[in-house]
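Positions annotated as FAD binding site by TrEMBL: Gly13, Gly14, Thr15, Ala16, Val204, Leu353. Positions annotated as 7-chloro-L-tryptophan binding site by TrEMBL: Lys88. Here TrEMBL flags Lys88 as active site. The annotation L-tryptophan binding site is assigned in TrEMBL to Glu362.
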Amino acid sequence: MNKLPQEIVIVGGGTAGWMTACYLARTAELMANNSSVPAPAPKITLLESAVISTVGVGEGSTPYLRHFFEFLEINESDWMLKCSATYKMGISFERWTTTAESKTTRPAFTDSDSYFHPFFSSLDIPTADMYFNAVNEYRKGASHDINPSHYFTAAHMVEKGITPDAICSSANIDYAYHFDAGLLGDFLKEYALNKGVSHQIGTVANVECHEHTITALKLDDGNTLSADFFIDCSGFRGLLGKQALSRRFTSYADTLFNDAAVAIASDATASPETALQTRSIALSHGWQWHIPLTSRTGNGYVYSSQFCTEAQAEEELRLALEPDQSHQQARHLKMTVGRLEEHWKGNCLCIGLSQGFIEPLEATALMLVQYALHHFIDCWQSNNPRREVRYNSEINRMFDGIRDYIAAHYYLNTRDDSAYWVACREDLKVPDTLSYLLNAWDKGASFEHALNEVDNKLVYLRPSWYCIFAGMKRFSNNTTPLAQPNTLALRTMRQSVEGAHRVRQP
Ligand SMILES: Cc1cc2nc3c(=O)[nH]c(=O)nc-3n(C[C@H](O)[C@H](O)[C@H](O)COP(=O)(O)OP(=O)(O)OC[C@H]3O[C@@H](n4cnc5c(N)ncnc54)[C@H](O)[C@@H]3O)c2cc1C
C-alpha cells in the first residue's frame, strides 16, 4: 500500500478544503492503524486567505454524504445539531412545465405542474419496476398513473412528514441532508485540527513551478510554503491547476446557460425538520432554491446573465419570497460551469470548485468532492503506471454524466413565458448521451434498451431518468393519467415505512 505524500499543502478553507483535510487525516490514521511498521504521519497543512472569502453557499447534499461522515466516524446527530441540518428525501421540481397550453390540453397529473425526484431505497425495488412498466405502457397510449410521487418511499415520507431517524433500522432508507455551509466548515475544521492538521492563514501571491511540478507557494507576507504534494481547493479561481499550471478547462456553457445566482436567507419555516425536501421552483430566467434548515431557510435564484440582470434577478427573487422576509440582504455570485481535463497530474490535485462545477440543480458538488477524494486514494494506492490517466478519465465521466442529467431538466422544460426557457429547448447543445436517450424515448423505442446501451456513461440511474422524462411530461399522446393506484406492492411499501415509524415523544 503506498503511503500518502509526507508533506501535503491544501490551498483553500472552503467546504472542499476542509473536507479534503478531514478525509486525508482520517486516511492517514487508518493506514497507521493497519500498518505493522510504525511510520511518521504525513504533515497536512491547510492554508486559507483571510481576505478572500469562501463561496458561502452549498447547503444541499446527495445521499453519498452519509458515507463521508461514516468514514470519519462522526455520529449523524452530533454534526446535524451543530450545523442546523435537516433531512432531505429528494427534490421537488415545480413549474418547470407550466404553459398556458398545459392548463387545457396536456395531461396534468398533479394539481400543480410539479414532480418529485426521490432518493431511491431498496424498499423501492418492487414499486420502481411497477413505475417503469406504467410509464412505458403510458408512452404507448395506455392509461396509467405516471406520477413518480406515488411509487417511491421517499415521496411517501415527505407526504407524511416521516423523518429517516424516526424509522427503525430494519427499513433501509436512503436520504441526504440540508445544512448551514458555514457551520459545516467550522465543524469539519475542528475535526481536522483534532486529527493533527495544521491551519495557516495567508494569501498565495505567486506559485513557483518547474515544468508541471509545483515547487513552492509564495505568500503575500513574504513567507514561502513548500510541500511534496499540493491540493488546490481555491474555489472558482483555480489558483494552482487552472492558473499556475494552465490546465485545460472544458466549458459546459453551451449546454448549461446559468452563470449567476443571488441568495437571500429568510426565517426558518414552520417544522423545517419535517419539510424533508429541497424545492426547485422555475422562475423567468432560471430557478429558485428553497432549502429548509432548522435556523433559517436558504433561498436563491440561479439564472443566466445573458437573459437577466443582477437587479432583475434580485427583484424577482424578493417577489417570490414572503413579503416580511424580502428585506433580508442579498448576496450575488458568479458561477463558471465546466471542468478541468486533468484534475490530478504530478504533485497537484484539484478538488472542489477549482476542478469544476456543473450547477447546483441536483446539489452534486460536494458529492463530486467526496468522490474525487475517495477515488484519488484508491488510485494513489495502486501501483498502476497509468493511475493519473485513469483517475482523470473517471472524474471526467462523473462530471459529464451529471452534466447530462442536469441538462435534461432544461431541455425538457415546456415553459413559454420567456426567451430564456425557449432558448433552453432550442439553443442548448444537447450532450450525446442525452440526445441518444431523447431520440429513443421520442421514437417510442425501448427505453430500457436505450438506458442499457449508454449504461457506462450514466451517473443517474434508471429511476431518475424515468422520473425526469415522465415528470416533465415528455409524452406525445394525450392519454389521461389514472389516479394513484393502490396495488399490494404499493401498500406494502407504504406500510413498511409507516409501520416502522416510531411515534415521536413530545
Ligand atoms: C449558487 C451556488 C449554489 C450551490 N449549491 C450547492 C448545493 O446545494 N450542494 C452542493 O453540494 N454544492 C453546492 N454548490 C457548490 C458548493 O458551494 C461548493 O462546491 C463548496 O462550497 C466548495 O467550495 P470550495 O471550497 O471549492 O471553494 P470556496 O468556498 O470558494 O473556497 C475557496 C477557498 O480558497 C481560498 N483562497 C482563494 N484564493 C486564495 C489565495 N490566493 N491564497 C490563499 N487562499 C485562497 C479562500 O480563502 C477560500 O478559503 C453551490 C455553488 C453555488 C455557486
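Any Cβ shown, glycine's included, is placed from N, Cα and C.
The structure, with features from TrEMBL marked on it.
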residue: Gly13; record: FAD binding site; Cβ neighbours (10 Å): 26
residue: Gly14; record: FAD binding site; Cβ neighbours (10 Å): 24
residue: Thr15; record: FAD binding site; Cβ neighbours (10 Å): 27
residue: Ala16; record: FAD binding site; Cβ neighbours (10 Å): 32
residue: Lys88; record: 7-chloro-L-tryptophan binding site; Cβ neighbours (10 Å): 28
residue: Val204; record: FAD binding site; Cβ neighbours (10 Å): 22
residue: Leu353; record: FAD binding site; Cβ neighbours (10 Å): 26
residue: Glu362; record: L-tryptophan binding site; Cβ neighbours (10 Å): 21
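Across the structure, Lys88 (7-chloro-L-tryptophan binding site) and the residue listed as 'L-tryptophan binding site' place their CA atoms 12 angstrom apart.
Per the record's binding annotation for FAD, residues Gly13, Gly14, Thr15, Ala16, Val204, Leu353 show a top Cα-Cα distance of 19 Å.
Following the DSSP three-state reduction, the secondary structure of Gly13 (FAD binding site) is coil. Contact annotation for binding-site residues (Gly13, Gly14, Thr15, Lys88, Val204, Glu362) versus ligand 1: Gly13, Gly14, Thr15, Val204, each with CB under 6 Å from a ligand atom.
With respect to their backbone Cα atoms, Leu353 (FAD binding site) and Glu362 (L-tryptophan binding site) stand 16 Å from each other.
Rounded to a whole value, the Cα-Cα separation of Glu362 (L-tryptophan binding site) and Thr15 (FAD binding site) is 17 Å.
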